[in-house]
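Visitor: Next up is a structure, given as structure tokens.
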Amino acid sequence: MTVVRLGAAFMMAVLLPVSALAQVDSEAGYDAEAALAISQAAVGNPLADVSLTDSAGRSVRLSELGDKPVLISMIFTSCYHVCPAITRHLANAVEAARDALGEGSFRIVTVGFDTPNDSPQAMAAFARRLKIRDPDWLFLSGDAASMKQLTGNLGFVYFPSPRGFDHINQVTVVDRDGVIYRQVYGADFDLPWLVEPLKELVFDTPAADRHVFSGLADRVRLFCTVYDPTTGLYRFDYSLFVGMAVGALVLLVFGGWFVRETWRARRQGQG
């Protein structure tokens, strides 16, 4: 059932109303399998270091975001249903991920790819309409050349249609080294599809980089933060600590018994 659902999600993700190296010929029709292949081929690419503009009119280079994992979502602001719905779902997922991984552990970037219309002002209005006021969430736009480079780099497939644009629905997960790590598909993806790759990136602390004890808290959170399908949220699982406590108690009792018996045997031998 899970395999069927995953397959369906992949295929449904690529036909949504919403120009580029990854653009598909609209006259030839939208090939969902080809779009998915293009998207998956982008995994492992170094993120294109394009210069974009934030909603306040400031220049932002994507290389400036490389000190922590980044989620990249592509939208167009004149889409009044699907793109807002996708972004709302992403916002809910981000909130849950922050609960599990900690505030400030990753960034989010929403990019408007409709260059004639997705101005900084339009991106600011889009963020206001969705009530997103997150300092770690940037709404960016750019010129046609930058957008062509970025969409091709991300494997983001789209083309003009009577509804505006048809496009693959994906959130791209980029690691702190600026390499595309994972693609998450669907308008209403399951929370673990996004949080699990983020967990791998946020809590992966090489021993050469940090002292073993300084990373202990992160390691504990990595293994103790689990998804609860009944609530649709991540929670802290204390069973690891319960198991450790029980194990320590058993060792303590056994150790006490062993020391006592050893001491008693020596007393008897001396007597």
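Keep in mind that glycine also has a Cβ here, set from the backbone N, Cα and C atoms.
Pulled the feature table from TrEMBL, pasting it below:
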- 1-22: signal peptide (SIGNAL)
- 41-203: domain 'Thioredoxin' (DOMAIN)
- Cys79-Cys83: disulfide bond (DISULFID)
- Cys79, Cys83: Cu cation binding site (BINDING)
- 238-259: transmembrane segment (TRANSMEM)
Visitor: Least buried of the disulfide-bonded residues Cys79, Cys83, going by other Cβ atoms within 10 Å?
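Guide: Least crowded of the disulfide-bonded residues Cys79, Cys83, by Cβ count within 10 Å, is Cys79.
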Visitor: In which DSSP state, out of helix, strand and coil, do we find Cys79 (disulfide bond)?
Guide: coil
